[in-house]
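Following: one structure in structure tokens, then a few remarks.
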Amino acid sequence: MAKPVQIEVWNPNGKYRVVSTKPMPGTRWINLLIEQDCRVEICTEKKTILSVEDILALIGDKCDGVIGQLTEDWGEVLFSALSRAGGKAFSNMAVGYNNVDVNAANKYGVAVGNTPGVLTETTAELAASLSLAAARRIVEADEFMRAGRYDGWLPNLFVGNLLKGQTVGVIGAGRIGSAYARMMVEGFKMNLIYFDLYQSTRLEKFVTAYGEFLKANGEAPVTWRRASSMDEVLREADVISLHPVLDKTTFHLVNKESLKAMKKDAILINCSRGPVIDEAALVDHLRDNPMFRVGLDVFEDEPYMKPGLADMKNAIIVPHIASASKWTREGMATLAALNVLGKIKGYPVWSDPNRVEPFLDENVSPPAASPSIVNAKALGNA
């Protein structure tokens, strides 16, 4: 028998039982569920990662839906339990769902939700922040000051790289990659080289227009080029930001060989998925190339880092906070809750999961729809 876990209960007499495996930012998501007669149970266990057994205890004998997190293992065991309890939906509070066995969810008829369309800009902002912090060696300088080592100005103290006029490389020019590229091009007047299987016409038009604006005002125009291969980006870019999906073709996309292809003083940024980088190879490269710098928000074996990474002064490492702006995290919680609510109430699936603004306007009621169900087609309700 599963050991009971600590919970906080809202609207105890609600008709539908919805469980959240973690406390989530804001209260709008709770209120939206309560307004539709849901009893909301929030797990308050002091654990960063809940085990399968913990979640089984939360599901119990009757559960209409669960809001969960990327750190949880949602497979055969949990989906079968949720189905037996009468559950109709599970939603990650995340865009990604690598932690979810969608085939198992399909087998038991459980809808799987995610939260795209709300974290594009905030993720791109963090990638841009890491780029600037790495280029100007901000973290090293901060640690230097806090250690009381500053005796006065020196001409060679923490000399970094000027971004203006350099080339930013983007691998994966989807929504986040394109938003990052626009920030770096317009914010720092960098030239762009990008690689994507699909042409990013909108991004190209943006850079072209900005280049024409600069030229008209007597400045050197920025340029763009779509690379024919990822290796081309790695060889030519001064700052490289990774924004691919994670699948078999992108696992260890950056490895020992590709690291060698980069400039000795290049900057590598990853706010996408940890396993796209061979982290052990990266540690070796950082050790052997002290002018090479990296900014990481995600890790190959998260929450763990490969041995030696934390010791690298030329690495900036942050704990998966790309979406950690107040508006974004509250929006993610709202979308996840509405995914579950929509399936409980029998609502249709929203037509465009990347255009979710109508669900996020706090001044109006959200549409009667599930914002994003990744297996809607498989379940026959696309």
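Cβ coordinates come from backbone N, Cα and C, glycine included.
In Swiss-Prot, the NAD(+) site is described by Arg175, Ile176, Cys271, Ser272, Arg273, His320, Ile321, Ala322, Ser323, and among Asp196, Asp297, Asp301 the residue recorded at this site is Asp297. Among the recorded positions Arg175, Cys271, His320, Ala322, the ones whose Cα sits within 10 Å of the Cα of Glu302 (active site) are His320, in sequence order. The NAD(+) site in the record is lined by Arg175, Ile176, Cys271, Ser272, Arg273, Asp297, His320, Ile321, Ala322, Ser323, and its two most distant CA atoms lie 19 Å apart. Here the CA atom of Arg273 (active site) lies 15 Å from the CA atom of Arg175 (NAD(+) binding site). Neighbour density for Ala322 (NAD(+) binding site): within 10 A of its CB lie 22 other CB atoms from the protein chains shown.
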